[in-house]
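I have placed the structure first, in the form of structure tokens, so that the comments after it can refer back to it.
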Amino acid sequence: MKRMMAGLGGALILAGGLAHAQEGDALLDMSWDEIVETARGGEVNVFMWGGADNINAYVSDYIGGQLEDDYDITLNRVPLTDTAEAVNIVLGEVEAGAAEGAVDMIWINGENFRTMKQGDLAWCGYVDKLPNADLVNFDNPAIANDFGTPVEGCEVPWSRVQFAFANDTARTPEPPRSIPELIDWAEANPGRFTYPAPPDFTGAAFVRHVFTHVAGGADALIGPFDQAKFDEVAEETWEILNDLEPHLWREGRTYPTSITQLQQMFANQEVDLFFTYDPAEVGTAVANGIFPETMQSYGLSDGTLANTNYMVIPVNAANKAAALVTQNLLLSGEAQLEKAQPEVWGAATVIEPDRASKEVQAGFAALERHPSVVSIEELGQAALPELTPDWTSKIEDGWIENVGN
Amino acid sequence: MSARARMALGVLLIAALMAPLVPLALWSVARGWFYPQILPATWTLEPWMRAFAARSDIPGALMTTTCIALAAAALALALGIPAGRALGLYRFRGKALVELALLAPVIVPGIAVGLGVHGVFLRLGLTNSALGVVLVHLVPTLPYVVFVMSGVFANYDAEAEAQARSLGARPLQVLWHVMLPAIAPGVMVAGLFAFLVSWSQYILTLTIGGGRVVTLPLLLYAQAGAGRNDQAGVLAMLSLAPGLVILALVARQLAGRGMSIGGTR
């Protein structure tokens, strides 16, 4: 008991004394070599969705191993089920005035990033310090905008993903390849299709595909939120989805609550169509025995939504120097190539391979994808930009009110 | 009841308790097991090998979970035995209120408690540490210990202590030779409850530990949430282990002396 009280007192002193241990501004005045020296021997706490073994192993073993060997930095990967948990930790700390945050980096995009940027929870303005940032084309609008929110140096891109559908060719040889075809197909095959109810991330993305289709394409929805436009498109979208409802799994009386549930339902042959925001996951699921070998993934003829995911450093991160070194490593040609290997992860890169070394270029040219994963080039021919969070949250709320009720 | 009938009833009870766990056990040795297969088509030890591979989080999490549960149970006993004695032996003004206050953490949802405690612990510098997690585990464990112990003390005859003192025993001797032997089975039950309740905490561990204190339930939720039934099966089996082991070890003790003082409610 005595020892415990002593520990408690010690912790209190620590929390008070280290209030401003590592200021971000001081780091920005340093050269890259000085930043690396500052980071050496430290640790970095990376908070990220932890549901995929292969992704966990890539970060812990490949990235963590190199940080350990080259910089003597210990990488602690903290698994999350929902990224908002990490944002809430940072928010709580900043509100309580804790300058020494527990979170050094979060795998993030979309609304969570907007929350951090608007709440001044993200550390900004360090990106040109990273030598490997030269490999990224920050003028590419798909990288400069995170779900329509300008990135403006407040986060660093990590991977690209694009929405894709998937089917078992042994069960469904001719899957629908556009939203109108999908609606006809669902009506012709009652009970064999459903989608996770928004606010599930992937389910909401499916609803956005229908919404975009009704609007006549993504171009009609680019830019700031437009209430008149929304009302017009939304009315027809809800009508289509409500008409579809009786043909869905369990006559649409209930919807799956997560993409994981849809994955299990597909595996148990309750439904015949699956979709995902990361087609590499289809390959992983085949490798893990969840999906059959006869699985294929594919895009839609009128395009599917695409987005970029990022790494953000919270404004109160305790180990900013180590976080910078980690981000620089994540962006290196070699690390991006390793991540793109189908047996590692199969994630699409955010760097321009032709800006990287000859070996890395050759590696990207020689990449072989998992047979069940649609090729990035094929999918990328029709990539739709994501809508801004104003649109996406209005669409989610509208679905819950008009369709999911 | 005849011995045979008792035996049959016991077997039935065990089967009913175990049946829901069979699919979990099967998943932990299956590679893909989906409708319409009745049993997994492919058997494999791979999930278990992965669980104990060099880079796996699981051995470390097992250790952390065990240490935290032991510490939380010990602390809960240290605080709960005196409280239980006061509640069980004495009548005092406001006793019902004290009992209600002690029960409150069991009634209020864990997430509400967790968020409230998080703010306080942040200011105290107790977040993201195993110590903070042990302390917050007192919230759900302490009520169990206090109520088991107050039940034990309600049936405890404090006259025996007076007799020992009149024979010259010092306070510590009274505690050691008179009180503890009498309440030992109750202490064991309370300690087990506290250990198992702490062992299975998720939301309090996540909020206060900030994801830095990685226990088995955290890994189990992550794997189950990601649809990795095989890995979740392994973690579920590991999570069940202490309960089964402890039960097997102390079953005789619980059934025997525990009942003789009628102290386990």
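Positions of Cβ are set from backbone N, Cα and C atoms, glycine also.
Per TrEMBL, domain 'ABC transmembrane type-1' is recorded for B:62-250. Here TrEMBL flags B:58-79, B:100-124, B:130-153, B:174-196, B:202-222, B:234-255 as transmembrane segment.
Take the transmembrane segment (B:100-124) and the stretches B:58-79, B:130-153, B:174-196, B:202-222, B:234-255: counting Cβ pairs under 8 Å, B:130-153 has the most. Where the transmembrane segment (B:234-255) meets the stretches B:58-79, B:130-153, B:174-196, B:202-222, the count of C-beta pairs under 8 angstroms peaks at B:174-196. Residues 57-58, 60-62, 64-65, 68, 110-111, 113-115, 117-118, 121, 126-130, 132-133, 136-137, 139-140, 232, 235-236, 238-239 of the same chain, all 6+ positions outside the transmembrane segment (B:202-222), place their C-beta atoms under 8 angstroms from a C-beta of that stretch.
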